[in-house]
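Novice: Relevant sequence annotations retrieved from TrEMBL are reproduced here:
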{"type": "TRANSMEM", "residues": "12-32", "note": "transmembrane segment"}
{"type": "TRANSMEM", "residues": "44-65", "note": "transmembrane segment"}
{"type": "TRANSMEM", "residues": "77-105", "note": "transmembrane segment"}
{"type": "TRANSMEM", "residues": "161-179", "note": "transmembrane segment"}
{"type": "TRANSMEM", "residues": "222-239", "note": "transmembrane segment"}
{"type": "TRANSMEM", "residues": "251-269", "note": "transmembrane segment"}
{"type": "TRANSMEM", "residues": "275-292", "note": "transmembrane segment"}
{"type": "TRANSMEM", "residues": "339-359", "note": "transmembrane segment"}
{"type": "TRANSMEM", "residues": "365-383", "note": "transmembrane segment"}
Amino acid sequence: MRSSFLWNRKHLRSLFSGIALYYLAENLWRTVLLWRVLTLTHSSIWMGVAVLADTAPTIVVGVLGPHRGFGKTLSSVVGMQAVAMALGALVISHNAAGLIILAVVNGWGGARVVPATQALLMRTTANHDLGRASATFELATRVGILAGPALGGVVLTALPMAWVLWSLTGLFLLTLVLWRRLMEQTFVAPSSSMRGFRDAVKLVARDAFLITALTIRGLTNLLWPAFTLAVPLLVLHVWEQGAAGYGILRSLWGLGTIVSTLWMVPMFLRRLQKMYFVSWMVTGAGFLMMGLSPGFGMAIGADIFGALGGPLVHVALDTHIGVHVDPSLQGRIFAFQQLVMSLVSVIGLGLVSAALQVFHPWQVLSGAGFCIVIFAIAGLARWGRMQHLVGIPD
């Protein structure tokens with residue numbers, strides 16, 4: 001049974017403050033991980049392995065469900081991540097292989113926390129408030145996405161790697177404090193892991209919007225590693241910027257998504273399904289322009305433009321799931337969505353890593369952007385035909 005826009009204002013502040021802080025920590029970690037592995041190895045292959053290590057746990061969680069693993073509450077899982085970072089600071093802060101092992105452990109926690117918080121919000125929010133709740137959730141995540149990379153660039157420049165990991169330990173512990181009283185049992189578990197997975201697959205296959213949207217998202221995530229791997233190489237070798245420049249570029253992506261959440265999402269709450277596809281066109285165009293940018297200033301503009309499409313993608317999917325999916329399956333659907341994204345990203349990592357051995361990074365990034373635009377146009381055309389044939393509401 002749903003409550004009205006979450007439990008009360010105190011719980012609301014705790015949940016969203018924790019989400020912003022958690023996403024800050026996770027995006028700081030990803031920035032630090034990629035840049036540190038790049039500077040230690042000077043290899044796009046090693047960077048790809050690092051991204052794979054951070055991504056692979058979401059595939060396992062997508063099949064087994066977010067309820068499987070140590071800890072049954074948000075705070076206990078975040079506590080595990082804090083312990084892992086502390087051990088990393090003591091043992092493996094200057095070793096690329098050790099950092100990749102740490103990425104696997106931390107990735108397991110993140111793979112469980114993200115769908116759990118999404119499902120928690122959906123099942124405690126009234127249907128008529130889901131769009132607003134999802135937009136607020138998106139804003140909280142984007143604050144973390146904005147602050148994390150900027151802070152990552154600063155701490156990489158100013159602090160030894162061990163102290164960076166100690167800082168991450170502190171951020172996870174602060175998140176734990178914020179979430180410690182939210183719910184004793186956060187993870188809703190079906191009777192069988194595989195049965196829950198099959199139910200999620202069947203539901204997606206029957207839902208016209210979900211199957212179209214996730215297909216397009218899968219195709220775009222196949223190419224997303226072009227952004228992840230090509231941008232650090234362009235920052236370092238073409239635009240001739242250091243760690244701070246990379247952090248700034250990542251943070252401005254976050255700034256663009258915050259602007260979009262505050263400005264564009266409220267404008268299109270009644271047309272979220274159509275705007276889902278338009279948003280991917282904007283993101284693809286941003287990739288294309290960034291790849292073609294001759295200097296850092298133009299790359300910043302393309303970066304911000306591409307980011308404008310991101311929030312509407314997440315709000316559209318989250319709101320649809322909150323309205324049309326039974327609360328007992330919502331965690332499964334969010335985990336399945338992560339599974340789709342991660343599985344194709346793993347394939348994409350291999351393809352993009354191979355492409356970077358043959359093509360220049362700007363060619364890989366701009367080519368990926370062009371393909372994303374084409375995928376989004378095809379998805380919008382298919383969705384338009386389905387609306388026309390069966391009268392699906394926008």
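Positions of Cβ are set from backbone N, Cα and C atoms, glycine also.
Note that the structure is predicted; figures quoted are calculated from it, not measured.
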Novice: Before we move on, state whether the transmembrane segment (44-65) and the transmembrane segment (251-269) share at least 3 Cβ pairs under 8 Å, counting only pairs 6 or more apart in sequence.
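Specialist: No, since the transmembrane segment (44-65) and the transmembrane segment (251-269) share fewer than 3 Cβ pairs closer than 8 Å, they do not count as touching.
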Novice: Counting only residues 6 or more past its boundaries, what in the same chain has a CB within less than 8 Å of a CB in the transmembrane segment (12-32)?
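Specialist: Hits for the transmembrane segment (12-32): 5-6, 54, 74, 78, 85, 106, 110, 113, 117, 120-121, 136-137, 140-145, 147-149, 151-153, 155-156, 161, 164, 167-168, 171-172, 174-175, 178-179, 181-182, 246-247, 250, 254.
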Novice: Same chain, outside the transmembrane segment (77-105) by at least 6, Cβ under 8 Å from its Cβ: which residues?
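Specialist: Residues packing against the transmembrane segment (77-105) from afar: 22, 29, 33, 36-37, 40-41, 46, 49-50, 53-54, 56-57, 69-71, 112-113, 116, 160-166, 168-169, 172-173, 175-176, 179.
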Novice: For the transmembrane segment (222-239), which recorded stretch in the set 161-179, 251-269, 275-292, 339-359 gives the largest number of Cβ pairs separated by under 8 Å?
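Specialist: Counting Cβ pairs under 8 Å, the winner is 339-359.
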Novice: Among the recorded stretches 161-179, 251-269, 275-292, 339-359, which has the greatest number of Cβ pairs closer than 8 Å to the transmembrane segment (365-383)?
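Specialist: By the under-8 Å Cβ criterion, the transmembrane segment (365-383) pairs most with 275-292.
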Novice: Going along the chain, which residues at least six beyond the ends of the transmembrane segment (251-269) come within the CB cut-off of under 8 Å?
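Specialist: Counting only partners 6 or more residues beyond its ends, the transmembrane segment (251-269) has Cβ contacts under 8 Å with 27, 131-132, 135, 138-139, 142-150, 153, 275, 300, 303-312, 315.
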Novice: With a Cβ cut-off under 8 Å, give me the same-chain residues at least six positions beyond the ends of the transmembrane segment (339-359) that come close to it.
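Specialist: Result: 44-45, 48, 51-52, 55-56, 58-59, 61-63, 111, 214, 217-219, 221-226, 229-230, 233, 367-368.
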Novice: Which residues, given as numbers and ranges, are at least 6 beyond the ends of the transmembrane segment (161-179) yet have a Cβ under 8 Å from it?
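Specialist: Residues 14-15, 17-18, 21-22, 24-25, 28-29, 32, 36, 73-75, 78-79, 81-82, 85-86, 88-90, 93-94, 155.
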